[in-house]
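Q: If you scroll down you'll find the structure; I have some questions about it.
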Amino acid sequence: MQRRDFLKYSVALGVASALPLWSRAVFAAERPTLPIPDLLTTDARNRIQLTIGAGQSTFGGKTATTWGYNGNLLGPAVKLQRGKAVTVDIYNQLTEETTLHWHGLEVPGEVDGGPQGIIPPGGKRSVTLNVDQPAATCWFHPHQHGKTGRQVAMGLAGLVVIEDDEILKLMLPKQWGIDDVPVIVQDKKFSADGQIDYQLDVMTAAVGWFGDTLLTNGAIYPQHAAPRGWLRLRLLNGCNARSLNFATSDNRPLYVIASDGGLLPEPVKVSELPVLMGERFEVLVEVNDNKPFDLVTLPVSQMGMAIAPFDKPHPVMRIQPIAISASGALPDTLSSLPALPSLEGLTVRKLQLSMDPMLDMMGMQMLMEKYGDQAMAGMDHSQMMGHMGHGNMNHMNHGGKFDFHHANKINGQAFDMNKPMFAAAKGQYERWVISGVGDMMLHPFHIHGTQFRILSENGKPPAAHRAGWKDTVKVEGNVSEVLVKFNHDAPKEHAYMAHCHLLEHEDTGMMLGFTV
């Protein structure tokens, strides 16, 4: 029996004996056990197979059609080693086209899996990934233009775990699914018959698609039996449009050890951790007593996202300590970040994100008509209208003829697959200035093919846990600056993407292609 299997059996057996009598039945019956994605490693030929298909999943007692990689919902965690090439064979068993994007990986445009990397129904695509970047938690998901939001909503997402020599020398928790736990958080909206209820319309093109049910690794409010000691959580905000703000129900601190692109120089202690759509953070939390506690998400001031039940702290998962000790530690130092180079003489690119004023107004009107003032998340409606210079929106009924599919733009242009906007020089630092001035919507801006450093975020210096390697930056009614460098080729036919990771904004034009 392998050590991991032995530990799993030990944990399972230990749960019953470690809990008081009154809570054993509760643990067994009240909540589902946190599903743990398989950790997928290469076969003898250094290959990995991913099959995209439809299946069925049960939520709240009702069965829904869902999509997954190698299963009914979500997918495995693909384990990659720095310096080792891996070929991934991707089979599409859906009845429609899809793509598979390696979010956070520094790989050439040809294998990045953007909207050009189409896999037809019944088709296959093989990509070879030569990983040369630090240990990190990344992920993979569809990037089919105009349909990314729907395909992710249906269940397509999986993790990528990159390992290197440096991280293996640290005494971090590393028993997969025991004290090293993936946590993929997504909200879903269901129809009355229990199916995933996705719409791309004026309202969702403006504020994004959101639901009233929170899933953690595909389960509603699951529980995890955690050994005593340090518990490592690999957090992914896999929501289409909802930002999250993680905390613990008993106010025990989170120690952030890694962001999108890898380890921070040292742990950063926080009481709450905002995470934007597409972002990953690794945190350690101390499980040093017998008291169960919840990982929760706190209310956020984002349009549409303060509607019940998210107007109050909402449970993500229950963590139940058991009478087994883990061996992981919280190191004082983690990694070394290179000093920022001089910014003198660098190419500066200015990207202005914009939403059609008509879309902004019509979407907001529909949101308020459906959900009331609570949908405004505490924002002053008149101030917002004034900020956008729109005046009264009650005259904005265009009978549904408004073309929202190209209403979101960058530098005045909606996405055009055949026209990259610019060419970045390979191996050269550039300073990108990304502005959201002109609307009050949240735009988590993601850049393919790189891990960058944030120079300023929404007009302020980045928080300590956001000053490491990142692939997504917050833009919300202000300006953010990032220092980027691209080490791989991305010719016109395999251009990289840069876009808002609120998926409905991306699907309706807020994306550009660029070459390297």
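Glycine residues also receive a Cβ, built from the backbone N, Cα and C atoms like all the rest.
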Q: Hey, Swiss-Prot has Cu cation 3 bound by H143, H499. Any idea which of H224, H448, H465 it lists too?
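A: Given H143, H499 bind Cu cation 3 in Swiss-Prot, the matching entry from H224, H448, H465 is H448.
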Q: Of the residues H443, H446, H488, H494, only one is listed by Swiss-Prot in the Cu cation 4 site with C500, H505. Which is it?
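A: Candidate in the recorded Cu cation 4 site: H443.
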Q: Quick test of your reading of Swiss-Prot: among 171-216, 263-308, 355-400, where does it put region 'Methionine-rich region'?
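A: Checking Swiss-Prot against the ranges 171-216, 263-308, 355-400, the region 'Methionine-rich region' one is 355-400.
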Q: H143 (Cu cation 3 binding site) has how many other Cβ neighbours within 10 Å of its own Cβ?
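A: Cβ-Cβ neighbours of H143 (Cu cation 3 binding site) within 10 Å number 28.
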Q: Specify the count of other C-beta atoms within 10 Å of the C-beta of H501 (Cu cation 2 binding site).
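A: H501 (Cu cation 2 binding site): 25 neighbouring Cβ atoms within 10 Å.
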Q: Of H141, H448, C500, which binding-site residues come within 10 Å of H101 (Cu cation 1 binding site), going by C-alpha to C-alpha distance?
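A: Neighbours among binding-site residues, in sequence order: H141, H448.
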Q: List, in sequence order, those binding-site residues among H446, H448, H499 whose Cα sits within 10 Å of the Cα of H103 (Cu cation 2 binding site).
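A: Candidates kept after distance check: H446, H448.
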Q: When the Cα of H499 (Cu cation 3 binding site) is compared with the Cα of each of the binding-site residues H141, H443, H446, H505, which one is closest?
A: H446
Q: Just the number: how many Å between the Cα atoms of H505 (Cu cation 4 binding site) and H141 (Cu cation 2 binding site)?
A: 16
Q: Summarise the domain 'Plastocyanin-like 2' (227-292) as counts of helix, strand and coil residues per DSSP.
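A: Its residues divide into 0 helix, 42 strand, 24 coil.
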Q: Among the binding-site residues H101, H446, H448, point out the residue whose Cβ has the most other Cβ atoms within 10 Å, with all shown protein chains included in the count.
A: H448
